[in-house]
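Take a look at the structure below.
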Amino acid sequence: MPAYHSSLMDPDTKLIGNMALLPLRSQFKGPAPRETKDTDIVDEAIYYFKANVFFKNYEIKNEADRTLIYITLYISECLKKLQKCNSKSQGEKEMYTLGITNFPIPGEPGFPLNAIYAKPASKQEDEMMRAYLQQLRQETGLRLCEKVFDPQSDKPSKWWTCFVKRQFMNKSLSGPGQ
């Protein structure tokens, strides 16, 4: 079974480094254009997460795949936090905190995927990439809470938390031991 790839890459999609700046249906401020379709890259990443997380190798077919990879790795980080939460409201607070926490971007020493991501070419591109990744993180965390928490019990679903120990591409956005 092959890995799932993003279908959202258009020829006129703007790039930051070698990552696609894709439109989002987001309530958070950031450089991403507004998405008018029903599905955006965050929906796609959440939908494909359970299948893609099993892959140790992932062939990048376009720049949107790099965005998909980042969100997939971020979902893994989110699940580590969400499994410890007792309620959806606690989970939303954790996701907000994780979303705005200082994080490395491509080209910086702590970023785990510097081999496949180009670092920003200028200070302006650096700021735009950081803002876009933060917008992705915030939106992903919020939407993931909607999927992970069971509305009846207000507890994290075991069908999501069972993926906590899985590492997509044998990588993690957090450092070793975190």
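Every residue, even glycine, has its Cβ placed from backbone N, Cα and C.
Scan Swiss-Prot for phosphotyrosine across Tyr47, Tyr70, Tyr132 and the hit is Tyr47. Of the recorded residues, Tyr47 (phosphotyrosine) and Lys14 (SUMO2 cross-link) place their C-alpha atoms 24 Å from one another.
Each of the recorded positions Lys14, Lys56, Lys61 was scored by the number of other CB atoms within 10 Å of its CB, and the largest score is that of Lys14.
Distance noted between the C-alpha atoms of Lys56 (N6-acetyllysine) and Lys14 (SUMO2 cross-link) is 28 Å.
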